[in-house]
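Enquirer: Quick one: the structure is below, questions incoming.
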Amino acid sequence: MSTEGSAVDTLTIEEAAAELERLAKEIAHHDALYHGKDQPEISDADYDALKRRNDALEARFPELIREDSPSRHVGAAPSVTFSPVVHARPMLSLDNTFSQEDVQDFVAGVYRFLGRLPDQSIAFTAEPKIDGLSMSIRYENGRLVTAATRGDGTTGENVTANIRTIAEIPNELPKGVPAVVEIRGEVYMAKSDFLALNRQMEAEGKQTYVNPRNTAAGSLRQLDAKVTASRKLKFFAYAWGEMAEMPADTQFGMVQTFKDWGFPVNPLMKRLNSVADILAHYDEIGLERPDLDYDIDGVVYKVDSLELQQRLGFRSRSPRWATAHKFPAEQAFTEVEKIEIQVGRTGALTPVARLKPITVGGVVVTNATLHNEDYIKGIGNSGERIRPEEHDIREGDTVIVQRAGDVIPQILDVVMEKRAADARSYEFPKTCPVCGSHAVREVNEKTGKTDSVRRCTGGFICRAQATEHLKHFVSRNAFDIEGLGSKQVDFFFENEDPSLQIRTAPEIFTLEKRQQDSLTKLENIDGFGKVSVGKLYAAINERRSIALHRFIYALGIRHVGETTAKLLARSYGTYEAFATAMKEAAPLSGEAWTDLNAIEGIGEVVARAMVEFYKEPRNVEVIGRLLDEVTPAEAEQPVTAGSPVAGKTVVFTGSLEKFTRDEAKARAESLGAKVAGSVSKKTDIVVAGPGAGSKLDKARELGVQTMDEDEWLALISG
């Protein structure tokens with residue numbers, strides 16, 4: 001059962017460990033999208049909520065802090081497209097504050113750490129938090145030599161050639177500057193330039209950009225510096241990395257020095273002493289925000305004295321002497337013109353509000369997700385009422401729209417005073433709008449709870465599900481067919497030419513053969529070419545033999561993710577054994593059903609979803625055709641005979657020096673061990689490298705066997 005919405009103080013240690021594992025993976029996923037690809041899929045507010053949940057769990061269960069915890073890392077791994085640059089000093093993130101009370105606590109914490117009374121003797125700087133791309137620019141002997149993105153905080157991407165195209169960034173500094181100077185700041189795109197660029201894109205019939213921040217980041221990562229130069233990027237300097245000598249002894253003085261050296265600095269930066277003045281400046285900047293020609297998402301406060309900054313020091317990923325006071329999400333009023341239903345890969349019917357275009361935070365909003373049937377009625381996922389009963393969302397309603405975290409729009413409430421007298425409640429469809437199949441809300445037999453999502457039962461016969469299923473089938477953790485991405489799948493799916501059409505997975509593997517006898521050659525179609533088509537065929541043929549767990553995952557069975565697919569592959573060994581077991585488990589009773597539920601990590605909900613999938617004749621028919629083209633390899637079984645760690649639960653902690661964590665995990669699993677992320681009474685062995693902390697302490701407290709890497713290697717090699 002998910003503990004996602006449960007209060008932290010009600011969780012058991014096992015539940016907390018499981019949720020910390022989920023949060024680590026989820027936050028890492030969103031970090032990669034935001035910092036690495038500039039394509040966030042959740043709002044800043046939702047992301048901050050995930051981080052706060054993680055921090056709260058770690059505060060209550062410090063012994064469960066993971067090596068891959070979000071509290072220990074910044075940003076995401078740098079892209080392989082640009083050469084890596086190791087920062088001379090790490091580029092850390094800032095802790096966030098969200099209320100006046102949080103700011104008061106931050107200031108009080110500074111005084112408390114320094115052993116002082118809060119007598120307003122400590123000055124702070126306050127400046128807008130620019131919503132752009134963090135940058136570190138290195139000068140040696142006054143000349144610009146390197147510019148790098150934040151990356152993961154330790155290693156960034158070398159974008160020197162592109163940075164040189166930004167007119168506001170000097171290529172040379174005045175005489176007399178220190179021998180080594182690293183200027184840090186934010187690259188951004190002005191709102192006016194962003195709107196002009198989108199007008200140009202519209203005039204050329206091209207897709208417009210979403211917001212200035214993503215556009216600036218994408219522009220800076222262009223392989224052709226001429227493209228970057230055409231985007232009119234700008235820069236604000238506000239910090240520094242390595243400095244051969246310090247030209248000032250305060251934060252404010254350093255930034256003023258940057259201005260003297262020719263860098264643009266933010267004119268709204270102030271030096272203040274009291275919490276009241278700090279909060280007043282926050283309000284002033286908030287009032288000016290709509291009129292600024294650049295996006296900001298908060299105000300940054302820093303202790304002004306560099307000596308005090310040094311005494312205050314750092315936490316694992318952020319300084320104690322600074323915090324970012326975030327703005328609440330921006331809101332606006334608009335009209336719901338229509339409610340439409342989208343159908344996803346698993347058949348979920350998701351309502352989307354088509355809105356009368358409205359600008360919120362510099363971005364034109366035309367759509368908002370309505371999540372599910374209950375959300376339209378004002379009911380949350382746990383059955384709680386989130387709006388008054390009469391505030392259901394109807395077509396024609398005037399609504400309050402919020403860009404939470406300035407990314408994803410959502411409807412907060414209905415303005416009842418403007419509701420038309422003849423406005424009718426929205427009737428959620430009971431059939432799929434794409435294929436006409438029944439759409440049902442499943443009931444959990446154990447809990448009796450009705451799923452908040454209504455799903456199409458059409459499976460592969462539903463065009464919407466079929467398209468999304470194909471995209472899942474070729475995705476990175478499934479068949480991973482290079483050259484067959486989302487756009488290509490849409491092209492082949494919608495094509496009416498029999499030699500080009502791909503509507504089920506088996507047709508991917510017959511494409512080349514069908515093309516041989518066709519007059520319509522793929523290589524002659526816009527967007528393709530002889531070389532790219534050849535590479536596509538080669539990539540497809542490479543996947544005619546595939547690992548069993550990838551094959552199972554690619555089938556797109558509901559609830560069967562990558563980890564579950566690996567468990568199934570290891571348990572059954574061959575696809576034939578797996579498919580036979582699913583067929584024999586169909587009555588939801590008997591030996592096959594019992595064995596399926598006995599697999600660790602497979603609960604009744606997952607087991608039932610798999611059995612139901614194989615009950616559908618259409619699914620079995622498609623898989624049969626797929627097996628004519630593809631051979632799932634027999635799963636490699638752990639070598640447990642004579643293995644000293646077979647059946648044991650192992651935890652790796654600290655900095656491993658002789659192998660990577662993935663290598664250590666793979667080796668342990670190949671010997672029949674289970675690798676866990678946290679220490680508990682069920683743990684058998686803890687392998688501790690340098691820097692091992694709370695997990696090692698917990699192991700000793702519980703009497704769990706501990707060893708270093710050499711002892712571990714001796715154990716598994718003996």
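Glycine is treated like the rest: Cβ placed from N, Cα and C.
Okay, so Swiss-Prot annotates it like this:
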- K129: active site, N6-AMP-lysine intermediate (ACT_SITE)
- D44, A45, D46, Y47, D48, S93, L94, E127, R150, E186, K302, K326: NAD(+) binding site (BINDING)
- C432, C435, C456, C462: Zn(2+) binding site (BINDING)
- 640-718: domain 'BRCT' (DOMAIN)
Enquirer: By DSSP, what is the split of the domain 'BRCT' (640-718) into helix, strand and coil residues?
Expert: 28 helix, 15 strand, 36 coil
Enquirer: For L94 (NAD(+) binding site), which residues of its chain lie six or more apart in sequence with Cβ-Cβ distance below 8 Å?
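Expert: In sequence order, V300, S318, P319, A322, T323, A324 meet the Cβ cut-off.
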Enquirer: Cβ-Cβ under 8 Å from K302 (NAD(+) binding site), same chain, 6 or more residues apart: which ones?
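Expert: F124, T125, Q251, Q309, W321, A322 - these are the non-local Cβ neighbours of K302 (NAD(+) binding site), listed in sequence order.
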Enquirer: So of all those recorded positions, D48, K129, R150, which one's Cα sits nearest to C462 (Zn(2+) binding site)?
Expert: D48
Enquirer: C-alpha of K129 (active site, N6-AMP-lysine intermediate) to C-alpha of C456 (Zn(2+) binding site): distance in Å?
Expert: 45
Enquirer: From the centroid of the CB atoms of C432, C435, C456, C462, the recorded Zn(2+) site, which same-chain residues not already listed sit within 8 A by their CB, in sequence order?
Expert: V343, G347, T431, P433, V434, G436, S437, A439, T457, G458, I461, R463, A464, Q465
Enquirer: Which one of the binding-site residues (C432, C435, C456, C462) has its C-beta surrounded by the most other C-beta atoms within 10 angstroms?
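Expert: Comparing the binding-site residues C432, C435, C456, C462, the most crowded Cβ belongs to C456.
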Enquirer: Can you give me the Cα-Cα distance between C432 (Zn(2+) binding site) and R150 (NAD(+) binding site) in Å, rounded to a whole number?
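Expert: So the alpha carbons of C432 (Zn(2+) binding site) and R150 (NAD(+) binding site) sit roughly 45 Å from each other.
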Enquirer: If you run the three-state DSSP split on R150 (NAD(+) binding site), which class comes out?
Expert: coil
Enquirer: Looking only at DSSP and grouping its letters into three states, which state does D48 (NAD(+) binding site) belong to?
Expert: helix
Enquirer: So if I draw a 10 Å sphere around the Cβ of the residue listed as 'active site, N6-AMP-lysine intermediate', how many other Cβ atoms end up inside it?
Expert: 22
Enquirer: Starting from each candidate's C-beta and looking 10 angstroms out, tell me which of the binding-site residues D48, R150 has the most other C-beta atoms.
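Expert: Answer returned by the neighbour count: R150.
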Enquirer: Cα distance, C456 (Zn(2+) binding site) to D48 (NAD(+) binding site), nearest Å?
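Expert: About 33 Å separate the Cα atoms of these two residues.
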Enquirer: Would you mind reading off the Cα separation of R150 (NAD(+) binding site) from C456 (Zn(2+) binding site), to the nearest angstrom?
Expert: 43
